[in-house]
Amino acid sequence: MHSPGAAAYVFLQCLVALVAAVIAQSGADQPPTTVVEVTAHGSVSMTPPTPRSPLLNETELVELNQPGSTAVFVALPTNPPTVSVDSSSTTTVASTQEPTSTTERTMSPEEIQKLLLPPATVEADILHVNATDDNRPDAKSSGKDSECPTLEGADHLSQTQLLTRLTHVCRYDRLERPKRESINGTNGPVKVYARAYIYFMQNLEAHDLQFKIHALLQFRYVDPRLVFREVAPNRTKPIMGEQSLRDLLWVPHVFLANERSSDILGTAEKDILTSISPDGTVIVSTRISATLYCWMNLQKFPFDEQHCSTVLESWMYNEDDLVLLWEHKSPVTLAPELHLTEYVLLEMFTNETVINADLSDLRHGAFAGNYSSLSFTVHLAREMGFYMMDYFIPSIMLVAISWVTFWLQADQSAPRITLGTSTMLTFITLASAQGKTLPKVSYIKASEIWFLGCTGFIFGSLVEFAFVNTIWRRKRNVEVKKVNSKHVLKQAITPRPARKDMSGLHKSHSCTSLADSATTVSANSFNNYLTVHSIPQKSPSSATLPIISTTDVDRAMTEASNVTIQIEGQTSNVNGNGWTTMTPQEVAIWIDKRSRFVFPIAFVIFNIFYWTFVYYV
């Protein structure tokens with residue numbers, strides 16, 4: 001198997017033979033000088049013979065096996081060539097005289113291929129090579145029109161022609177920022193003025209801490225290299241273009257520091273507008289859609305106010321090379337039809353600052369320094385209409401419904417339990433629906449304070465029912481010193497035996513409620529009394545056992561019928577010591593009646609404190 005190098009060598013040998021034959025055939029009419037040298041390692045020396053070629057009577061030495069091959073031009077007299085072929089690894093076709101001059105220049109592989117073309121195409125190929133050399137980035141300006149096009153007669157040039165000459169590599173480098181002379185003569189920073197127009201702003205998404213805008217960002221700066229006022233005095237309109245024009249110019253790289261995602265708007269093409277004024281002022285306008293982070297404070301949710309900023313920063317150049325400034329007139333403008341459904345815009349303000357970046361935080365890649373920054377902030381307040389109708393008013397109604405149990409009798413357990421538990425579950429469901437739209441934060445929010453307050457009142461009504469139901473089922477009367485909240489609740493929680501002083505005898509009553517004999521029960525629902533008289537001992541020598549006597553049921557009922565309890569305007573059974581006897585049912589009813597007023601008044605007081613905190617603290 002032959003190696004690729006051997007195959008290439010055979011091909012070059014055939015090519016040399018073909019060229020030698022062509023030279024020999026045309027030697028009678030024209031004495032060209034062509035040198036073609038092929039070595040084993042792939043070296044070729046050749047001069048294409050053509051009358052129109054500027055390379056006539058020159059030898060071009062090309063090293064094919066090295067990048068950026070070198071061509072050597074050797075001027076030779078126009079003597080007939082001699083051809084010598086031997087069995088060595090080198091074939092040479094050359095004239096018999098030594099070269100008189102030698103010049104060198106670098107040729108690309110494309111030029112080498114063109115040298116191997118037939119003679120008829122050499123002139124066109126050489127023109128192509130010259131044009132390629134003029135447009136190379138590393139080409140040096142020599143002052144010739146072919147290398148650096150002139151700006152004379154710019155008034156008669158088209159916009160594309162003028163732009164092509166202004167941005168030619170001989171006079172413009174798009175990788176280099178514009179130079180601006182400062183007061184002391186040094187190269188000062190480029191001043192870039194910014195302006196923003198907000199088309200659309202989406203409501204803040206609290207659970208993602210972000211908002212979305214559609215805006216037009218415009219940057220204005222002066223590039224002295226693009227001034228054409230002197231060369232084209234009659235051209236007063238700016239040069240306009242889109243993305244293609246922007247790609248030819250130096251443009252400041254400004255990024256959104258709090259960006260989550262962004263994109264340039266546009267359908268068929270991106271919405272980028274670039275203009276160059278005669279005085280060199282460049283304006284670049286871009287329509288963007290951006291999703292930005294907004295770090296919200298939800299402590300007063302849903303009565304919160306948020307400050308959301310859009311931050312612009314210079315990416316590549318620090319403040320020594322580039323300074324960002326807001327336009328003095330209307331730096332940020334909102335579209336008249338812009339309307340937010342959940343928020344109301346209170347104010348908007350702009351700011352110019354400097355951001356310090358060091359190598360530790362990598363804020364600007366591997367660069368450290370002070371970078372210019374711009375920001376505009378919107379102050380938004382949340383609208384309360386939705387939350388009032390969807391959360392606060394329904395929760396107030398649920399709390400009020402829980403108070404209906406105070407008008408039901410204490411022994412009606414089923415309706416009171418059903419009403420209390422259903423109210424509690426409904427309110428928890430209502431509150432959980434609101435919490436799903438919020439992020440999970442560690443601090444307490446205003447909505448959670450409201451939730452805890454309403455839950456406390458609903459739970460309090462359930463506790464009140466359990467309390468009065470327990471008292472209702474007691475079978476022992478309660479004696480209170482005074483019929484007020486302090487004494488009634490104290491005796492209801494920790495009941496004591498009834499006290500009655502009977503002229504030296506301590507008399508106590510106990511009753512047994514017989515539910516089965518409801519038809520014979522007295523007005524106070526007591527049908528059996530046992531009276532125990534205790535005779536105090538006069539001295540230690542007296543009888544050691546007390547005398548106990550019982551009365552029959554009729555006498556007990558007769559005596560009990562003479563006892564009355566003071567309940568809302570009725571006379572109470574007050575003994576000589578000022579104690580009042582109340583039945584358990586009367587205590588339960590008394591607590592329910594007081595709860596009908598205490599709970600609403602307490603809820604009103606809670607609302608006063610809550611709404612004062614929300615709006616004034």
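Keep in mind that glycine also has a Cβ here, set from the backbone N, Cα and C atoms.
Sequence annotations record features per position, and here Swiss-Prot assigns signal peptide to 1-28 based on sequence analysis.
Per Swiss-Prot, topological domain 'Extracellular' is recorded for 29-387 (among others), and the stated evidence type is a curator's inference.
Positions annotated as N-linked glycosylation site by Swiss-Prot: Asn57 (among others).
If you look up Swiss-Prot, you'll see Asn130 (among others) marked as N-linked glycosylation site.
Among the features that Swiss-Prot reports, compositional bias 'Basic and acidic residues' is placed at 131-147.
Positions annotated as N-linked glycosylation site by Swiss-Prot: Asn184 (among others).
Within the same chain, residues at least six positions away from Asn234 (N-linked glycosylation site) with a Cβ under 8 Å of its Cβ are Asp155. The N-linked glycosylation site annotation in Swiss-Prot covers Asn234 (among others) and rests on sequence analysis.
Summarising the annotation, Swiss-Prot assigns N-linked glycosylation site to Asn351 (among others). Of all the Cβ atoms in the protein chains shown, 12 others lie within 10 Å of the Cβ of Asn351 (N-linked glycosylation site).
Taken from Swiss-Prot, the feature N-linked glycosylation site applies to Asn370 (among others), supported by sequence analysis. The Cβ of Asn370 (N-linked glycosylation site) has 13 other Cβ atoms within 10 Å, all protein chains considered.
Annotated transmembrane segment per Swiss-Prot: 388-408 (among others), in sequence order, evidence recorded as sequence analysis. Residues 302, 415-416, 419-420, 423-424, 426-427, 430-431, 434, 447, 450, 454, 457-458, 461-462, 464-465, 592-593, 595-596, 599-600, 603 of the same chain, all 6+ positions outside the transmembrane segment (388-408), place their C-beta atoms under 8 angstroms from a C-beta of that stretch.
Here Swiss-Prot flags 415-434 (among others) as transmembrane segment, drawing on sequence analysis.
For the topological domain 'Extracellular' (435-447), the model's average pLDDT works out to 86. As annotated by Swiss-Prot, topological domain 'Extracellular' applies to 435-447 (among others), with the evidence given as a curator's inference.
Taken from Swiss-Prot, the feature transmembrane segment covers 448-468 (among others).
A Cβ distance under 8 Å defines the sequence-distant neighbours of the transmembrane segment (597-617), meaning residues of its chain 6+ beyond its ends; these are 300, 303, 399-400, 403, 406, 446, 449-450, 453, 457, 460-461, 464. Under the heading transmembrane segment, Swiss-Prot lists 597-617 (among others), citing sequence analysis as support.
Asn234 (N-linked glycosylation site) falls within neither a helix nor a strand when secondary structure is assigned with DSSP, and so counts as coil. Cα of Asn351 (N-linked glycosylation site) to Cα of Asn370 (N-linked glycosylation site): a span of 16 Å.
Only residues 6 or more beyond the boundaries of the topological domain 'Extracellular' (435-447), in the same chain, are considered here, and those with a CB under 8 A from a CB of the stretch are 206-209, 298-304, 391, 613-614. Secondary structure by DSSP for the topological domain 'Extracellular' (435-447): 3 helix, 0 strand, 10 coil.
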